[in-house]
Amino acid sequence: MRQALDLALRGMGKTTPNPMVGCVIVKDGAVVGRGWHDHLGGLHAEAAALRDAGDKARGATAYVTLEPCSHQGRQPPCAPALAAAGIARCVCAVGDPNPKVSGRGLKILSDAGVETVCGVLEKEASWLNRGFLSLQTRRRPWVTLKAALSLDGSMALADGTSQWITGEAARIESHRLRGENDAILIGSGTLRHDDPALTVRAVEGPSPRPVILCSAPVVLRENYKALRRDAIVFVPKETAVLPERSGQVYAVSSSAGRPDLKAALEKLAELGIARVLVEAGPTICSAFIAAGLADEYQLFVAPVFMGEGRKITDSIHLQRMDDAIPMTLRDVRTAGCDLWLEGGNPCSLDWLKQ
């Protein structure tokens, strides 16, 4: 199953809104077939593995990272294909919550006389497809908040200067994170101040779609780098002037003069966006943290103090220690000279375990 999980990773950033899936077929203790879902519309992992295995699939065991599908989509259903190929046993890591599947794949296999097992490395498989699972069950993308910080929590100096807080190694890892997400979200303040390209440059990988949250009044120019691509722009419904530009502009309900975060995330889910990387400034980062909408944290902390800079929690004002917002620490490592903290929203991590 670990081999299947490794194979599934080869579809990173290319399968959305479909899940990443890997499949390994084993017979008499030897691997006879391998496959993965490489891109949206491409062969499913099971079909690719069956093609690789050929006649050796008969009587073999298939290890799949997600319950085999049971419905016709861009590709034929996988559960009947496994049964028809003579697979004797199917071991899957996690069930598929998609209403079109949700147990039907395993039932098709079981009814065909195939032994089925589900739940092997379930935790790892759920983390791998956290975006897909969030899309299917919560109807919103999985949100990862990425920030470069000083030791005293500043994201920028008081005048907004933020380049560069962390070193090159941290910036390379940031580009890798971009390539793992379907969209990258910033606010209109970051757009105006930094004019970021929001592309993947330092590593191999697809560039995520830019998402811009625009507070009123809307001030957008066609020549901003992020808007030269297929950007998704959210504006408050109350905004009288919509930007005259190509691309997708959505007017959603507003909160504190900017597009409501939940409304924006729901629209992104409708557009098939499963994972969003927030690379915004302190105002929007604070809003995601305070609303409990940041599921995952990727924090790069530089060994510097910046004094009265702009903090990641700028708009969060607490009166009691009991109100402190927790983060579950998942990993601590270094990126060059910087500290790299990976954490999660405890509620989101608990949901993922269900």
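Placed from the backbone N, Cα and C atoms, the Cβ positions cover glycine too.
Secondary structure at Glu46 (active site, proton donor), as computed by DSSP, is helix. Residues or ranges marked as active site, proton donor in TrEMBL: Glu46.
The feature Zn(2+) binding site is assigned by TrEMBL to His44, Cys69, Cys78. Long-range C-beta contacts of His44 (Zn(2+) binding site), restricted to its own chain and to partners at least six residues apart, with a cutoff below 8 Å, comprise Val21, Gly35, His37, Cys69, Gln75, Cys78.
Under the three-state DSSP scheme, Thr190 (NADP(+) binding site) falls in the helix class. Neighbour count (other Cβ atoms within 10 Å of the Cβ, all protein chains): 24 for Thr190 (NADP(+) binding site). Look at TrEMBL and you will find Ala148, Trp164, Thr190, Asp194, Ser215, Gly281, Pro282, Thr283, Ile284, Cys285, Ser286, Ala287 tagged as NADP(+) binding site.
Confidence in the domain 'CMP/dCMP-type deaminase' (1-105), given as mean pLDDT, stands at 93. Taken from TrEMBL, the feature domain 'CMP/dCMP-type deaminase' applies to 1-105.
Note: the CA-CA distance between Ile284 (NADP(+) binding site) and Glu46 (active site, proton donor) rounds to 41 Å. Scoring each of the binding-site residues (Cys69, Cys78, Ala148, Ile284) by how many neighbouring Cβ atoms lie within 10 Å, the top position goes to Cys78. Here Glu46 (active site, proton donor) is positioned 46 angstrom away from Ser215 (NADP(+) binding site), judged by their C-alpha atoms. The Cβ of Pro282 (NADP(+) binding site) lies under 8 Å from the Cβ of Met155, Ala156, Arg310, Lys311, Ile312, Thr313, Asp314, Ser315, each of these being in the same chain and 6 or more residues away along the sequence.
Long-range neighbours of Ser286 (NADP(+) binding site) (same chain, six or more residues apart, CB within less than 8 Å of its CB): Ile312, Thr313, Asp314, Ser315, Ile316. Cα-Cα distance from Glu46 (active site, proton donor) to Thr190 (NADP(+) binding site): 43 Å (rounded to the nearest whole number).
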